[in-house]
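Written out below as structure tokens is the structure these notes cover.
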Amino acid sequence: MNKYLEYPEVESKELPPQKLVVLLHGVGSDGHDLIGLVPYIKNDLPNCHFISPHGIEDYDMMPYGRQWFSLRDRSPHIIAKLIANNISKLEDIIREKQTELNLTNKDTVIIGFSQGTIIGLYLTLIQQKPLFCTIGFSGALIPPMKVNNKLTPICLIHGELDQVINVSEMYNASNYLSKLNIEHSGHKLTSLAHSIDGRGLEIAINFINTCHNIV
């Protein structure tokens, strides 16, 4: 087992699991953060196994926390290069768990928050085989050089008061996805800053439960 494969997870209520949900945290946090959402959603997603990997790097601007890529230089082309260099490590984590659970991309849901949304959307767009669906909270889209996957439905959720990543990034992402004819939806939540609330979780649950496998 490689060093990235130790992280919190929650088994599905119904066995064997039919879906793998991968929770991707924001910068400076770790997998223990988003796994805390599972008690609020698992009853509505009884056939889902949840994992919440830790970012693959130590957070480089504080003496604690993890990151998926550095934010010391926030130029989009630099971020895209850093993600491209690191994405295979996240894919390894997901593939390992898929193999263990006898699941594949078509059974896999990506849920990201903030930086987790950025890498989650990138991951989604480069897949050779489509994922079941992807949900991004309070994030942005940094597109890859080449888009391989235009079939995974995407749900974007963003607080209108977000001062960390402006809600305009949701609209930028939506415009990009529209140009590629990628099925997606966007939800601006009133009176919400850089956070996930009950409204967003309800949207996410409904999205997962209404998506259908892509053959």
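The count begins at 1 with the first shown residue.
Any Cβ shown, glycine's included, is placed from N, Cα and C.
The shown structure was predicted, so the numbers you read here are calculated from the model rather than taken from an experiment.
The active site, charge relay system feature in Swiss-Prot is assigned to Ser114 (among others); the stated evidence is similarity to another entry. If you draw a 10 Å sphere around the CB of Ser114 (active site, charge relay system), it holds 24 other CB atoms from the protein chains shown. The secondary structure of Ser114 (active site, charge relay system), as reduced to three states from DSSP, is coil rather than helix or strand.
All protein chains included, Asp162 (active site, charge relay system) registers 22 other Cβ atoms within 10 Å of its own Cβ. Positions annotated as active site, charge relay system by Swiss-Prot: Asp162 (among others).
According to Swiss-Prot, the active site, charge relay system annotation covers His194 (among others), on the basis of similarity to another entry. When secondary structure is read from DSSP and collapsed to three states, His194 (active site, charge relay system) falls in the coil class.
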Requested in this report: Using C-alpha atoms only, work out the spacing between Ser114 (active site, charge relay system) and Asp162 (active site, charge relay system) and round it to an integer in Å.
Outcome: 11
Requested in this report: Fill in the CA-CA distance, Asp162 (active site, charge relay system) to His194 (active site, charge relay system), as an integer in Å.
Outcome: 5
